[in-house]
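S.K.: As listed in Swiss-Prot for this protein:
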MOTIF     39-44  motif 'PP-loop motif'
BINDING   Cys114, Cys117, Cys205  [4Fe-4S] cluster binding site
Amino acid sequence: MSHSNNFYRLETRLQSQTGKAIGDFGMIEDGDTVLVCMSGGKDSYTMLSVLMALQKRAPIKFKLIAMNLDQKQPGFPEHILPEYLKSVGVEYVIVEADTYSIVKEKVPEGKTTCSLCSRLRRGVIYRTAKELGANKIALGHHRDDIVNTFFLNMFFGGKMKAMPPKLATDDGAHIVIRPLAYCSEKDIASYARAMEFPIIPCNLCGSQENLQRKKVSEMLQEWERQNPGRIDNIFSALRNVVPSHLADTELFPFTGLATGLAKVDEASLFGETTFQQQPLTFAGSLDENRMEFVRFERAPAAEPAGTP
(Lines of atoms letter the chains of each structure in order from A and count residues from 1; the text may use other names and numbers.)
(Lines give C-alpha, C1' and ligand atoms only; values in the text may rest on other atoms or scores of the structure.)
Protein backbone atom coordinates (compact mmCIF):
# COMPACT_ATOMS: atom_id res chain seq x y z
CA MET A 1 0.00 0.00 0.00
CA SER A 2 1.64 3.25 -1.17
CA HIS A 3 0.88 6.57 0.47
CA SER A 4 1.43 10.23 -0.38
CA ASN A 5 3.36 12.81 1.59
CA ASN A 6 0.04 14.20 2.79
CA PHE A 7 -0.75 10.83 4.35
CA TYR A 8 2.55 10.70 6.21
CA ARG A 9 1.98 14.21 7.53
CA LEU A 10 -1.48 13.13 8.68
CA GLU A 11 -0.10 9.98 10.31
CA THR A 12 2.63 11.97 12.05
CA ARG A 13 0.07 14.49 13.33
CA LEU A 14 -2.17 11.77 14.76
CA GLN A 15 0.76 10.03 16.43
CA SER A 16 2.09 13.31 17.80
CA GLN A 17 -1.30 14.39 19.18
CA THR A 18 -1.89 10.97 20.72
CA GLY A 19 1.57 10.92 22.27
CA LYS A 20 1.00 14.38 23.72
CA ALA A 21 -2.35 13.38 25.21
CA ILE A 22 -0.78 10.28 26.75
CA GLY A 23 1.97 12.42 28.27
CA ASP A 24 -0.25 15.29 29.40
CA PHE A 25 -2.66 13.03 31.28
CA GLY A 26 -0.31 10.22 32.26
CA MET A 27 -2.47 7.74 30.38
CA ILE A 28 0.07 4.95 29.93
CA GLU A 29 2.91 4.11 32.31
CA ASP A 30 5.73 1.60 32.39
CA GLY A 31 4.45 -1.94 32.89
CA ASP A 32 0.83 -1.19 31.98
CA THR A 33 -1.40 -3.68 30.22
CA VAL A 34 -3.82 -1.75 28.01
CA LEU A 35 -7.08 -3.30 26.84
CA VAL A 36 -7.79 -1.61 23.49
CA CYS A 37 -11.54 -1.72 22.83
CA MET A 38 -12.30 -2.41 19.18
CA SER A 39 -15.78 -1.74 17.80
CA GLY A 40 -14.84 -2.10 14.16
CA GLY A 41 -15.33 1.62 13.52
CA LYS A 42 -12.84 4.14 12.18
CA ASP A 43 -11.96 5.51 15.62
CA SER A 44 -10.96 2.22 17.24
CA TYR A 45 -8.99 1.07 14.19
CA THR A 46 -7.08 4.35 14.19
CA MET A 47 -6.48 4.18 17.95
CA LEU A 48 -4.99 0.69 17.71
CA SER A 49 -2.81 1.61 14.73
CA VAL A 50 -1.43 4.70 16.46
CA LEU A 51 -0.87 2.94 19.80
CA MET A 52 1.01 0.11 18.09
CA ALA A 53 3.24 2.63 16.31
CA LEU A 54 3.94 4.51 19.55
CA GLN A 55 4.58 1.27 21.43
CA LYS A 56 7.51 0.47 19.14
CA ARG A 57 9.42 3.63 20.01
CA ALA A 58 8.14 4.53 23.46
CA PRO A 59 10.74 4.91 26.25
CA ILE A 60 8.54 2.68 28.42
CA LYS A 61 7.30 -0.88 28.07
CA PHE A 62 3.58 -1.58 27.94
CA LYS A 63 1.38 -4.34 26.58
CA LEU A 64 -1.56 -3.99 24.20
CA ILE A 65 -4.46 -6.44 24.07
CA ALA A 66 -7.16 -5.70 21.51
CA MET A 67 -10.70 -6.68 22.46
CA ASN A 68 -13.89 -6.89 20.46
CA LEU A 69 -17.30 -7.50 21.99
CA ASP A 70 -19.48 -9.60 19.70
CA GLN A 71 -22.95 -8.45 20.77
CA LYS A 72 -24.68 -10.98 18.53
CA GLN A 73 -26.25 -8.44 16.25
CA PRO A 74 -27.95 -10.12 13.28
CA GLY A 75 -25.70 -10.01 10.25
CA PHE A 76 -22.60 -8.98 12.23
CA PRO A 77 -19.53 -10.07 10.20
CA GLU A 78 -17.78 -12.10 12.89
CA HIS A 79 -14.72 -12.88 10.77
CA ILE A 80 -13.60 -9.33 9.97
CA LEU A 81 -11.99 -8.21 13.24
CA PRO A 82 -10.25 -11.51 14.08
CA GLU A 83 -8.73 -11.62 10.60
CA TYR A 84 -7.59 -8.01 10.79
CA LEU A 85 -6.16 -8.26 14.31
CA LYS A 86 -4.28 -11.41 13.40
CA SER A 87 -2.87 -9.74 10.28
CA VAL A 88 -1.38 -6.82 12.25
CA GLY A 89 0.16 -9.12 14.85
CA VAL A 90 -1.49 -7.80 18.00
CA GLU A 91 -2.69 -9.99 20.86
CA TYR A 92 -6.47 -10.00 20.85
CA VAL A 93 -9.57 -11.53 22.39
CA ILE A 94 -13.12 -11.78 21.03
CA VAL A 95 -15.76 -11.77 23.77
CA GLU A 96 -19.23 -13.05 22.93
CA ALA A 97 -22.16 -11.62 24.91
CA ASP A 98 -25.70 -11.38 23.59
CA THR A 99 -26.39 -7.81 24.66
CA TYR A 100 -28.34 -7.24 21.45
CA SER A 101 -31.27 -9.41 22.58
CA ILE A 102 -31.36 -7.70 25.97
CA VAL A 103 -31.45 -4.25 24.39
CA LYS A 104 -34.20 -5.18 21.93
CA GLU A 105 -36.23 -6.77 24.74
CA LYS A 106 -35.92 -3.90 27.20
CA VAL A 107 -36.08 -0.84 24.92
CA PRO A 108 -39.41 0.01 23.22
CA GLU A 109 -39.41 0.27 19.44
CA GLY A 110 -38.36 3.72 18.26
CA LYS A 111 -36.54 4.64 21.47
CA THR A 112 -32.80 5.16 21.64
CA THR A 113 -30.83 2.07 22.58
CA CYS A 114 -27.54 3.86 23.23
CA SER A 115 -27.78 4.22 27.02
CA LEU A 116 -28.61 0.60 27.85
CA CYS A 117 -26.26 -0.74 25.19
CA SER A 118 -23.43 1.35 26.63
CA ARG A 119 -24.05 0.14 30.19
CA LEU A 120 -24.07 -3.50 29.12
CA ARG A 121 -20.87 -3.06 27.13
CA ARG A 122 -19.12 -1.41 30.06
CA GLY A 123 -19.91 -4.34 32.32
CA VAL A 124 -18.45 -6.84 29.86
CA ILE A 125 -15.38 -4.69 29.23
CA TYR A 126 -14.61 -4.26 32.93
CA ARG A 127 -14.98 -7.98 33.56
CA THR A 128 -12.72 -8.82 30.61
CA ALA A 129 -10.07 -6.34 31.75
CA LYS A 130 -10.03 -7.96 35.18
CA GLU A 131 -9.74 -11.46 33.72
CA LEU A 132 -6.85 -10.43 31.46
CA GLY A 133 -5.03 -8.42 34.13
CA ALA A 134 -5.38 -5.17 32.19
CA ASN A 135 -5.13 -2.07 34.38
CA LYS A 136 -5.90 0.42 31.59
CA ILE A 137 -8.87 0.41 29.22
CA ALA A 138 -8.47 2.45 26.01
CA LEU A 139 -11.54 3.85 24.25
CA GLY A 140 -11.58 5.48 20.82
CA HIS A 141 -13.35 8.75 21.61
CA HIS A 142 -11.75 11.79 19.98
CA ARG A 143 -11.74 15.58 20.37
CA ASP A 144 -15.06 16.07 18.58
CA ASP A 145 -16.73 13.47 20.82
CA ILE A 146 -15.52 15.34 23.89
CA VAL A 147 -16.84 18.69 22.63
CA ASN A 148 -20.12 17.05 21.58
CA THR A 149 -20.58 15.58 25.06
CA PHE A 150 -19.86 18.96 26.63
CA PHE A 151 -22.77 20.56 24.75
CA LEU A 152 -25.07 17.60 25.40
CA ASN A 153 -24.52 17.93 29.15
CA MET A 154 -24.92 21.70 29.00
CA PHE A 155 -28.06 21.72 26.84
CA PHE A 156 -29.88 18.74 28.30
CA GLY A 157 -28.30 18.18 31.72
CA GLY A 158 -27.58 21.69 32.98
CA LYS A 159 -23.95 20.81 33.71
CA MET A 160 -20.58 21.96 32.41
CA LYS A 161 -19.30 18.42 32.02
CA ALA A 162 -17.54 16.75 29.14
CA MET A 163 -15.86 13.39 28.51
CA PRO A 164 -12.60 13.13 30.50
CA PRO A 165 -9.46 11.94 28.70
CA LYS A 166 -8.68 9.81 31.76
CA LEU A 167 -10.82 8.60 34.66
CA ALA A 168 -11.06 5.79 37.19
CA THR A 169 -13.89 3.25 37.12
CA ASP A 170 -16.44 3.50 39.93
CA ASP A 171 -14.79 0.67 41.88
CA GLY A 172 -11.31 2.10 41.31
CA ALA A 173 -10.12 -1.15 39.75
CA HIS A 174 -9.28 0.26 36.31
CA ILE A 175 -8.30 3.47 34.58
CA VAL A 176 -10.18 4.36 31.40
CA ILE A 177 -8.17 6.39 28.88
CA ARG A 178 -9.00 8.14 25.62
CA PRO A 179 -5.70 8.41 23.71
CA LEU A 180 -7.32 10.19 20.73
CA ALA A 181 -8.56 13.06 22.92
CA TYR A 182 -6.51 15.63 20.96
CA CYS A 183 -7.32 14.20 17.50
CA SER A 184 -10.03 15.57 15.23
CA GLU A 185 -12.68 13.35 13.70
CA LYS A 186 -11.81 14.73 10.27
CA ASP A 187 -8.21 13.54 10.56
CA ILE A 188 -9.29 10.15 11.88
CA ALA A 189 -11.76 9.68 9.02
CA SER A 190 -9.09 10.61 6.46
CA TYR A 191 -6.60 8.23 8.04
CA ALA A 192 -9.11 5.37 8.14
CA ARG A 193 -9.91 5.84 4.45
CA ALA A 194 -6.25 5.91 3.48
CA MET A 195 -5.51 2.80 5.55
CA GLU A 196 -8.55 1.03 4.07
CA PHE A 197 -9.63 -0.36 7.43
CA PRO A 198 -12.42 -2.97 7.15
CA ILE A 199 -15.07 -0.80 8.82
CA ILE A 200 -18.03 -2.52 10.47
CA PRO A 201 -21.15 -0.31 10.73
CA CYS A 202 -23.22 -0.28 13.93
CA ASN A 203 -26.60 -1.55 12.76
CA LEU A 204 -28.09 -1.50 16.25
CA CYS A 205 -28.15 2.25 16.83
CA GLY A 206 -26.60 3.93 13.80
CA SER A 207 -29.86 4.23 11.87
CA GLN A 208 -31.86 5.95 14.61
CA GLU A 209 -32.57 9.54 13.60
CA ASN A 210 -33.17 12.69 15.62
CA LEU A 211 -31.07 11.63 18.59
CA GLN A 212 -29.75 14.47 20.74
CA ARG A 213 -26.11 13.59 20.04
CA LYS A 214 -26.70 13.62 16.31
CA LYS A 215 -28.36 17.02 16.47
CA VAL A 216 -25.55 18.52 18.53
CA SER A 217 -22.98 17.03 16.17
CA GLU A 218 -24.74 18.59 13.18
CA MET A 219 -24.80 21.94 14.96
CA LEU A 220 -21.07 21.79 15.66
CA GLN A 221 -20.25 20.78 12.09
CA GLU A 222 -22.28 23.71 10.77
CA TRP A 223 -20.36 26.05 13.09
CA GLU A 224 -17.12 24.55 11.84
CA ARG A 225 -18.12 25.11 8.22
CA GLN A 226 -18.98 28.74 8.93
CA ASN A 227 -15.95 29.39 11.13
CA PRO A 228 -13.15 26.84 10.63
CA GLY A 229 -11.29 26.16 13.86
CA ARG A 230 -14.27 26.71 16.16
CA ILE A 231 -14.35 23.12 17.48
CA ASP A 232 -10.65 23.35 18.29
CA ASN A 233 -11.24 26.63 20.14
CA ILE A 234 -14.06 25.07 22.17
CA PHE A 235 -11.82 22.16 23.10
CA SER A 236 -9.08 24.61 24.09
CA ALA A 237 -11.61 26.32 26.37
CA LEU A 238 -12.17 23.01 28.18
CA ARG A 239 -8.46 23.04 28.99
CA ASN A 240 -8.39 26.69 30.10
CA VAL A 241 -11.07 26.98 32.76
CA VAL A 242 -11.27 30.10 34.97
CA PRO A 243 -13.42 29.12 38.00
CA SER A 244 -13.55 32.70 39.31
CA HIS A 245 -15.44 33.73 36.17
CA LEU A 246 -18.12 31.08 36.40
CA ALA A 247 -20.82 30.70 39.07
CA ASP A 248 -20.04 27.46 40.90
CA THR A 249 -19.50 28.15 44.59
CA GLU A 250 -17.94 24.70 44.98
CA LEU A 251 -15.13 25.60 42.58
CA PHE A 252 -14.40 29.13 43.75
CA PRO A 253 -14.82 30.64 47.26
CA PHE A 254 -16.92 33.65 46.27
CA THR A 255 -17.97 34.23 49.89
CA GLY A 256 -14.33 34.68 50.79
CA LEU A 257 -14.03 37.75 48.58
CA ALA A 258 -15.62 39.89 51.31
CA THR A 259 -12.94 38.96 53.83
CA GLY A 260 -9.96 38.88 51.53
CA LEU A 261 -9.73 35.09 51.50
CA ALA A 262 -10.15 34.89 47.73
CA LYS A 263 -8.80 37.29 45.14
CA VAL A 264 -9.55 38.18 41.53
CA ASP A 265 -7.37 40.50 39.46
CA GLU A 266 -8.73 44.05 39.46
CA ALA A 267 -8.97 44.29 35.67
CA SER A 268 -11.56 41.52 35.69
CA LEU A 269 -13.72 43.41 38.18
CA PHE A 270 -14.40 46.08 35.57
CA GLY A 271 -14.98 43.67 32.71
CA GLU A 272 -11.59 44.15 31.08
CA THR A 273 -10.47 41.22 28.95
CA THR A 274 -7.38 39.83 27.29
CA PHE A 275 -9.11 40.04 23.90
CA GLN A 276 -7.84 42.20 21.07
CA GLN A 277 -10.60 44.42 19.72
CA GLN A 278 -10.70 44.72 15.94
CA PRO A 279 -12.86 47.00 13.76
CA LEU A 280 -15.95 45.40 12.26
CA THR A 281 -16.56 46.50 8.68
CA PHE A 282 -19.50 45.75 6.44
CA ALA A 283 -19.48 44.90 2.76
CA GLY A 284 -19.10 48.09 0.75
CA SER A 285 -18.49 50.23 3.82
CA LEU A 286 -15.67 52.74 4.08
CA ASP A 287 -16.22 53.39 7.77
CA GLU A 288 -14.05 50.97 9.76
CA ASN A 289 -14.90 52.39 13.17
CA ARG A 290 -18.68 52.13 13.39
CA MET A 291 -18.63 49.01 15.53
CA GLU A 292 -16.13 46.76 17.24
CA PHE A 293 -16.20 43.07 18.08
CA VAL A 294 -14.09 40.88 20.32
CA ARG A 295 -11.76 38.23 18.94
CA PHE A 296 -10.11 35.70 21.20
CA GLU A 297 -6.38 35.88 21.67
CA ARG A 298 -4.45 34.43 24.56
CA ALA A 299 -2.83 37.04 26.79
CA PRO A 300 0.97 37.15 26.39
CA ALA A 301 2.88 35.40 29.15
CA ALA A 302 4.35 37.72 31.76
CA GLU A 303 8.09 38.23 31.40
CA PRO A 304 10.29 37.19 34.35
CA ALA A 305 11.41 39.98 36.65
CA GLY A 306 14.59 41.64 35.50
CA THR A 307 14.07 40.81 31.82
CA PRO A 308 15.30 43.75 29.70
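Placement of Cβ uses the backbone N, Cα and C atoms for every residue, glycine included.
These figures come from a predicted structure and were not determined experimentally.
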S.K.: To what whole number does the mean pLDDT across the motif 'PP-loop motif' (39-44) round?
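M.R.: The answer is 95, the mean pLDDT of the model over that range.
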S.K.: So if I draw a 10 Å sphere around the Cβ of Cys117 ([4Fe-4S] cluster binding site), how many other Cβ atoms end up inside it?
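M.R.: Step by step: centre on the Cβ of Cys117 ([4Fe-4S] cluster binding site), count other Cβ atoms within 10 Å, giving 19.
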S.K.: Applying a 10 Å Cβ distance cut-off over all chains shown, what neighbour count does Cys114 ([4Fe-4S] cluster binding site) have?
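M.R.: Its Cβ shell of radius 10 Å holds 17 other Cβ atoms.
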S.K.: Can you tell me whether DSSP puts Cys117 ([4Fe-4S] cluster binding site) in helix, strand or coil?
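M.R.: Note: Cys117 ([4Fe-4S] cluster binding site) is helical by DSSP.
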S.K.: Pull the DSSP breakdown for the motif 'PP-loop motif' (39-44) and write it out as helix, strand, coil residue counts.
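M.R.: Split by secondary structure, the motif 'PP-loop motif' (39-44) comes out as 3 helix, 0 strand, 3 coil.
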